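Pulled from Swiss-Prot:
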type	residues	note
DISULFID	CYS31-CYS81	disulfide bond
DISULFID	CYS35-CYS57	disulfide bond
DISULFID	CYS43-CYS62	disulfide bond
DISULFID	CYS47-CYS64	disulfide bond
DOMAIN	21-82	domain 'LCN-type CS-alpha/beta'
MOD_RES	CYS81	cysteine amide
SIGNAL	1-20	signal peptide
SITE	LYS32	site 'Important for activity'
SITE	TRP59	site 'Important for activity'
SITE	TRP74	site 'Important for activity'
Amino acid sequence: MKGMILFISCLLLIGIVVECKEGYLMDHEGCKLSCFIRPSGYCGRECGIKKGSSGYCAWPACYCYGLPNWVKVWDRATNKCGKK
């Protein structure tokens, strides 16, 4: 019983420590990475290039899961898309 509690505690701790982020990928101008006219699987490949676990086209932009913390994702609060 103690072993089971210890095992579950370790799993919870791993889930807290290995925290990944998710969000919309950005292009070089700070805009969401468009997938409007891209082929199927485009966003999954782009997310994989950024070391994400998966991604899909959340029309019309690429949304990724499991991204490392160093990857910049689009944020409404810090949006610089189309602004000079």
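For all residues, glycine too, the Cβ spot is worked out from N, Cα and C.
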If you measure between the CA atoms of LYS32 (site 'Important for activity') and CYS62 (disulfide bond) and round to the nearest Å, you get 7
What residue among the disulfide-bonded residues CYS43, CYS57, CYS64 has the most other CB atoms lying within 10 A of its CB? CYS64
Summarise the model confidence on the domain 'LCN-type CS-alpha/beta' (21-82) as a single mean pLDDT, whole number. 96
Using all protein chains shown, find which of the recorded sites TRP59, TRP74 scores highest when you count other CB atoms within 10 A of its CB. TRP74
Whole-number Å value for how far CYS31 (disulfide bond) lies from TRP74 (site 'Important for activity') (Cα to Cα): 7
